[in-house]
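Data first, discussion second: the structure below is written as structure tokens.
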Amino acid sequence: MTSFRGGSSSGAAKPRHHDRDARGGRGPRAGRPAHDPARMTAYQALLAVHRDDAYANLVLPGLLREAGLFGRDAAFATELTYGTLRARGTLDRIIESAADRDVSRIDPPARDALRLGAYQLLHTRVPAHAAVASTVDLVHSVAPGAAGFANAVMRRIAEHDLDAWLAKVAPAEQEDPVGHLAVTQHHPEWIVRAFREALGGDLAETERLLAADNERPEVHLCARPGRADAVELADTVGGMPGAFSPYAVYLGGGSPGELVEIKTGRAHVQDEGSQLVATALAQAPLDGRDERWLDLCAGPGGKAGLLAALAAQRGAHLTAVEVTEHRARMVEAAVRGMPATVLCADGRSVGTDHDLPAGGFDRVLVDAPCTGLGSLRRRPESRWRRQPSDLPPLTKLQRELLGAALRAVRPGGLVAYVTCSPHLVETKVSVSEAVRRGGFDVDFVDAREVLPAGMPGLGDGPTVQLWPHKHGTDAMFIALLRRNA
Ligand SMILES: C[S@@+](CC[C@H](N)C(=O)[O-])C[C@H]1O[C@@H](n2cnc3c(N)ncnc32)[C@H](O)[C@@H]1O
């Protein structure tokens, strides 16, 4: 877990305000940060996530702007928001133990304020007295009747450090190793189980993966082939060329949205793992015609942008399909100026939509809708929002879309099935089921052969699973299939 290490003016060093006394015991009202804008902003982000199902990475930038937070104050608010959301399940266990009641029986505003407070106490260097006082102040603002309760709970939490609390609330490692990891590494148990299974049962490695999931990932850029060079781009933006993808640049800091290279379409933000799987499809050897490429699940357009740039260099044309209209518009923006056509259509309509003829394409990407368990690093709330019940409808769609891709590709052509999830049900099982049920005659192409030479940790093939703790990428899965007839 990344921890805040600063002495921000909104953090520990700030003297306590006295607004409450001046206002006759109420303090600022919820939604109107007046005295502690960083904590109030983090609280509002949590509220939006838990009440409105918002995504923190989408909602937080606007809240920071509204509150006029920059620099260290913005970093503090961001750390509080992301850290609290990631650790939520474990913080809740600690709060339950300290409050001696289930978190479901605590009013949501007080509950979120307590989560923020517990996070400060156990994961940051904010001094205990500042964490307690600022949390009680926040509860005064958002749930005045619970201020006394919050004070008591915070004081009880402050009696122990994180290790002591984990020893108290986590199941014993010997008796329940998965339950233990779930609590100590802040993940739901069903996800720990799924990761462990995908890693062949190795608990120590599962722990390394979970720890990597708790770190905020570095921003990766993709230097678009033919438009930018990764080494030059790295120099220009003060970043580092990526370890594996020839197009990757690791952006040390700063906001990618401000970069001229992004605004002018020379580069886009894209995880290196996503770059690798899209490039693998483009690089795989193919006999015969190689002109018609298809991206069957293209929105918002990251891989389509890279594929279209590669298609431009190779004299090919990309058809990019996306079922959601606003995402199809994002794909259009991502491929502008490149040889690509965007269709707002259901990818399963191959053979019935005249723009998606059966056997009409040489290379096809299915970047299937999935649980996204491979990118938990960048969506702090999603580990607690996702449920095992999400799997059946998603795997049905995945199999149907892969079936459509296998119908769309010509005999001898290639299909890449990709997920941003390592869950075996969404990866190997979805592939084998789609092939079996569709009765397709296919061969697996060893994906390791078309990933950069010398890349470590690619397993036994022919499919490849990338990992945050091994490759510093999202946990992207790729299966490459050649259709025989
Ligand atoms: C994992 S995302 C694709 C990410 C994209 N390839 C990229 O790199 O930016 C899956 C996309 O598939 C779209 N989708 C879902 N069902 C679809 C369908 N039946 N046909 C086409 N697209 C679909 C979703 O709206 C979503 O945008």
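Glycine residues also receive a Cβ, built from the backbone N, Cα and C atoms like all the rest.
Look at TrEMBL and you will find 1-37 tagged as region 'Disordered'.
Per TrEMBL, compositional bias 'Polar residues' is recorded for 1-11.
Summarising the annotation, TrEMBL assigns domain 'SAM-dependent MTase RsmB/NOP-type' to 195-484.
In the three-state DSSP classification, ASP346 (S-adenosyl-L-methionine binding site) falls within coil. Here TrEMBL flags CYS297, ALA298, GLY299, PRO300, GLY301, GLY302, LYS303, GLU322, ASP346, ASP367 as S-adenosyl-L-methionine binding site.
Among the features that TrEMBL reports, active site, nucleophile is placed at CYS420. A sphere of 10 angstroms centred on the C-beta of CYS420 (active site, nucleophile) encloses 24 other C-beta atoms.
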Item to complete: Using C-alpha atoms only, work out the spacing between ASP346 (S-adenosyl-L-methionine binding site) and CYS420 (active site, nucleophile) and round it to an integer in Å.
Response: 20
Fill in: Local confidence of the domain 'SAM-dependent MTase RsmB/NOP-type' (195-484) - pLDDT mean
97
Worksheet item: In this structure, which of the binding-site residues GLY299, LYS303, ASP346 has the fewest other Cβ atoms within 10 Å of its Cβ?
Response: ASP346
Fill in: Sparsest-packed among the binding-site residues, when each Cβ's other Cβ atoms within 10 Å are tallied, from CYS297, GLY301
CYS297
